[in-house]
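Heads up, the thing below is written out as structure tokens.
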Amino acid sequence: MGEASSFVAVRLMRIIPILAILGATYYIFLTCFASFQATDVPVPEEWRNHDAVVDEVDEITETLTHDPDSRPTPHKLTIAEIEDLENKGEFMGFEDEDEIDVFINLDDDGDWEEDDLKKELGDELEGDFEDEEDEDFGDDDDDDDNDDDVDWSRFAYIQYVTNEDYLCNSVMIFEQLHRLGSKADRLLMYPKEMLEPDAAYSNKRGGQLLIRARDEYNVTLQPIEIQHRDGQDETWADSFTKLLAFNQTQYDRVLSLDSDSMVLQHMDELFQLPPCPVAMPRAYWLYNENPPKRILSSQVMLIQPDDVEFERIVQKMNSIGPNDYDMEIVNSLYLDSALILPHRKYDMLTAEFRNKDHTAYLGSEREKWDSSVALSEAKFVHFSDWPVPKPWINDVETRLANQPDCPEGETSCPDRDIWNGFYTDFTDNKKRVCESVGKTGQKWIHWRRM
């Protein structure tokens, strides 16, 4: 008996510490829980009015379920019931004259398919999708912002002058580029005996025009030796000077423009075309000849100056025939490799407004000629209206005798008005830019082209 009591006492002594620890832990837990304060989370308003919402839903459901005018949905109709409704001219709540919207497919994302929407809603949504696409590609303002990153000193419009008679035309081209806001440099190659490039004064009209071009139109003056080759036509004997543009390696690219022309819009965007030795438009007016002459026009040339290319030019100049000039040289070298510029923008002839057939210019027998559209898209227009002389030659009688025809009984029409406008604008520009040189105290008003 005594041994049993002793055994129980020993067991109790071992259990008591464990019970004490458990009790203390439980006490601490109760104390911490009692002092904890829960965050006051507001109850959503719709939960507070749960009963009202449930009642409203029940009321709507009951109305829909027990509406005596409601019709059963298709899956609840029997075939006989469907046929009966069709015979009565009504189905699914629509009368025969009602306009029923077609079903529109959903794409994988659960959105309405664009083609189905356009087919169903037509022009109403056409503009919306176009607006979204335009937003993806940015707007014109973004292009203007990108221009700010371009080093325009790497590019130049280039003109060449062989004598004083053509100097005025070139200065007029540069004045037009200046007025139109072109950002590229302007380079004028001229006979070195006309003026020192840094001269401050000249008592000759040619020198005064060069100074005006330099000081007012930001033109860089480049004295040169005239490149002359004897041939059957002395008019073009000095035109090889134009090819010196291939040697202006101080620039990455130069845009050569014939001076017997008018610039209607600047062409700075051409300097950003993919790299190529030369880019030129087709001489589209020769495509109507029989047989057609498929050659390139040297009236506009985007050139990548290069020593090797210029060496090829010089070699070709030294081996030409008596009837070969600058146009023949560039075609012999680049006809099959030049990048083609669109002539409708960059090399339009004034004679196009006198033509009856515009297929060669439009490049299509189906497109209709619209002189106003042609004028609005053209950036460079070349004076070429045989037998009408060049615009700096005053021969009004010949010009009026060969002006574009108008419908019978009419003295004015778009073709005639635009064509005559080129010549009158040239005359006005010449007076303002060239004939005013050396005169002081006069204010020359900038004209506006029609």
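Placed from the backbone N, Cα and C atoms, the Cβ positions cover glycine too.
Sequence annotations record features per position, and here Swiss-Prot assigns compositional bias 'Acidic residues' to 123-148. The N-linked glycosylation site annotation in Swiss-Prot covers Asn218, Asn247 and rests on sequence analysis. Annotation comment: Swiss-Prot describes 1-14 as topological domain 'Cytoplasmic'. Taken from Swiss-Prot, the feature topological domain 'Lumenal' applies to 36-450, supported by sequence analysis. As annotated by Swiss-Prot, transmembrane segment applies to 15-35, with the evidence given as sequence analysis.
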Structural state of Asn247 (N-linked glycosylation site), classified by DSSP into three states | helix
Which same-chain residues, if any, lie at least 6 apart from Asn247 (N-linked glycosylation site) yet have Cβ under 8 Å of it | Pro305, Asp307, Phe310
Indicate whether Asn218 (N-linked glycosylation site) is helix, strand or coil by DSSP.
-> coil
Quick one: give me the count of other CB atoms within 10 A of the CB of Asn218 (N-linked glycosylation site).
-> 13
